[in-house]
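Novice: Annotations per Swiss-Prot:
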type : residues : note
SITE : Arg25    : site 'Transition state stabilizer'
SITE : Lys32    : site 'Transition state stabilizer'
SITE : Arg164   : site 'Positions MEP for the nucleophilic attack'
SITE : Lys220   : site 'Positions MEP for the nucleophilic attack'
Amino acid sequence: MRHLHHQTSQTKLWAVIPAAGSGSRFSKTELKQYQYIQDATVIEHTVKRLSQLPLTGYVLAIGKQDTFASTLSFQDKHKAHFCNGGVERVHSVLNALNYLSQIADEDDWVLVHDAARPCVTFECLNTLVKNAIETNQSAILAIPVRDTLKQVNQEQQIEKTVSRELLWQAQTPQIAKIGILKKAIETALKNNLTITDEASALESIGESVQVVMGRSDNIKITYPDDLELARLILQSQN
């Protein structure tokens, strides 16, 4: 185990990895989390990164017909749990939280991380968890928006330039206490709110969420070209 902040090593930490999505932008037939980078699948790389933290366990929310995930060589496989995913990412996360609530305390912390985000660094993970625990507040990794943003109309014509001064691009992991996050997602779904990440659910019930500086190389594999980029990033980080 690499050097951890004291609070991190003393806290019960869990992880949830929603991995039931079809990833239609990547391929109509192939799942991006099961593509190979070197000798391991994307999701194995992702779990390996998260396992640098002293996790009590992690839950993979997978498709109902998925028989492949359980055959993979996950890091600390004795800590792996599996549950059925849902129609959307938010439903997969909620299913995993419902699973966790049977084996964990509602005041335990949970990191929710994209299955197709295998390049997150230990330093970012450690800082995220430390900040959340020290402030007793939910947190996400994020980076300030760098590029100029344009708002366009339906004809793809620019209407105005959007100020990026206070805009951050959300990443994962996103960390919260299990009970609070579960309540936030349940409430948001009940109110038919559009939930794109955990922070948006937490915001909807008035929870404060802090941003912790991430890194631009914490990419999410979305398109086939991203696989090669992820391979190069992992190679350079190692």
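Here, residue 1 is simply the first one shown, and the rest follow in order.
Yeah, the Cβs are placed from backbone N, Cα and C, and that goes for glycine too.
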Novice: Identify, among the recorded sites Lys32, Lys220, the residue whose Cβ has the fewest other Cβ atoms within 10 Å in this structure.
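Specialist: Result for the recorded sites Lys32, Lys220: minimum number of other Cβ atoms within 10 Å at Lys220.
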Novice: List the residues of the same chain that sit at least 6 positions away from Arg164 (site 'Positions MEP for the nucleophilic attack') in sequence and have their Cβ under 8 Å from its Cβ, in sequence order, or write 'none'.
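Specialist: Listed in sequence order, they are Pro144, Val145, Arg146, Asp147, Thr148, Leu149.
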Novice: Please report the Cα separation of Lys32 (site 'Transition state stabilizer') and Lys220 (site 'Positions MEP for the nucleophilic attack') in Å, rounded to an integer.
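Specialist: Roughly 10 Å, rounded to the nearest whole number.
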